[in-house]
């Protein structure tokens, strides 16, 4: 009984270590990428969709595992992260590293088995960008690290699409950039609240390096670019007027919160923007999925 309990606790620790609150969204946007690529519910397409789902899940978990391994010293300093499984000692450094490596390699391997070579390339690029470019090279060196690191968070859309089809379309790339512009808004608005933590850990996040005013303007500019790439699919003819209407309604609070943040840069204003924009990407992709499924059924 004790062994079973210890085993379950260890599994739970590794699951928390993988940061499911982060990778579930990556898996979701990858799933939408796959759904957009299909025009029927044929069995082989559903199988490829499941392959993309598994690949994006294991790849995202692996990437989070490796970035957490790289950030272990920083996480042990920051109040917000010191109780995570690795800095708290729930899992070993060796176990954490192997967890990340095995899942990352598996995510590429499963795509290669099914001969999804372009999707495998995108998976490799996403992992390389997240683990090496963002976490290892840039995170502790520049406040703009999240911009280049944003590529990795957007790759699941392309992986989802190109696992299911080889057909070229602009829509997955538009959604790719939509995700890219959402990431700085999401990360920087939260970092504004915890900038003292980042300062103590020696991480030059944008809110740590720049003034309140410049930080607020930068975050708000990213918010406007996010809205722009949200409406582009309509003007390119990918979705109907209903999509545009919903996006415009969802975007109004972003504009209001962004303007208020610029007028009065405070932690409260930053968190309002963070709390509202956090589910924004999920809403947009969910709308896209519903519209496309309706089109397939027709």
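The backbone N, Cα and C atoms fix where each Cβ goes, and this holds for glycine too.
Feature list (source: Swiss-Prot):
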TRANSMEM  21-41  transmembrane segment
TRANSMEM  43-63  transmembrane segment
TRANSMEM  94-114  transmembrane segment
TRANSMEM  118-138  transmembrane segment
TRANSMEM  144-164  transmembrane segment
TRANSMEM  168-188  transmembrane segment
TRANSMEM  215-235  transmembrane segment
TRANSMEM  236-256  transmembrane segment
TRANSMEM  274-294  transmembrane segment
Completion exercise
Comparing 43-63, 144-164, 215-235, 236-256 for Cβ pairs under 8 Å with the transmembrane segment (274-294), the winner is 236-256
Handout entry: Beyond the flanks of the transmembrane segment (236-256) by 6 or more, those residues with Cβ under 8 Å of it
Key = 170-171, 174, 223-224, 226-227, 230, 273, 276-277, 280, 283-284, 287-288, 291
